[in-house]
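Quick notes on the structure that follows.
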């Protein structure tokens with residue numbers, strides 16, 4: 001479950017920001033996790049909630065945005081939806097696809113408190 005290590009990295013980003021910006025805790029953390037990022041959202045949420053106690057994330061509401069997968073087909077030169085890696089182009093059936101969207105994994109923003 002690599003989501004646990006991803007959660008650790010996210011916590012490190014938050015803790016570093018808390019030290020740098022002098023805030024005590026995060027009340028809302030918004031993450032963008034694309035459909036093609038290879039991340040199981042439920043597992044990531046579980047991992048973040050498991051490591052949050054005693055940190056700046058303790059009690060934070062976690063919000064996720066999940067951008068749809070999208071790819072450029074090199075065979076038919078079209079942008080097509082892509083539900084999962086390894087799928088064929090919905091236009092021509094080719095497998096020569098270059099993902100162009102839905103691969104994101106990033107902290108979008110956070111609402112913080114100084115208390």
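For all residues, glycine too, the Cβ spot is worked out from N, Cα and C.
So that you can see what the record holds, here are the features copied from Swiss-Prot:
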type    : residues       : note
BINDING : 2              : Ni(2+) binding site
BINDING : 73, 76, 89, 92 : Zn(2+) binding site
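In this view, residue 92 (Zn(2+) binding site) is surrounded by 13 other Cβ atoms within 10 Å of its Cβ, with every protein chain counted. Using a 10 Å radius centred on the Cβ of residue 89 (Zn(2+) binding site) and all shown protein chains, the other Cβ atoms total 20. Here the binding-site residues are 73, 76, and the one whose Cβ sees the fewest other Cβ atoms within 10 Å is 76. Just so you know, the Cβ of residue 2 (Ni(2+) binding site) picks up 12 other Cβ atoms within 10 Å once every protein chain is counted.
A coil conformation is recorded for residue 76 (Zn(2+) binding site) in the three-state DSSP classification, outside any helix or strand.
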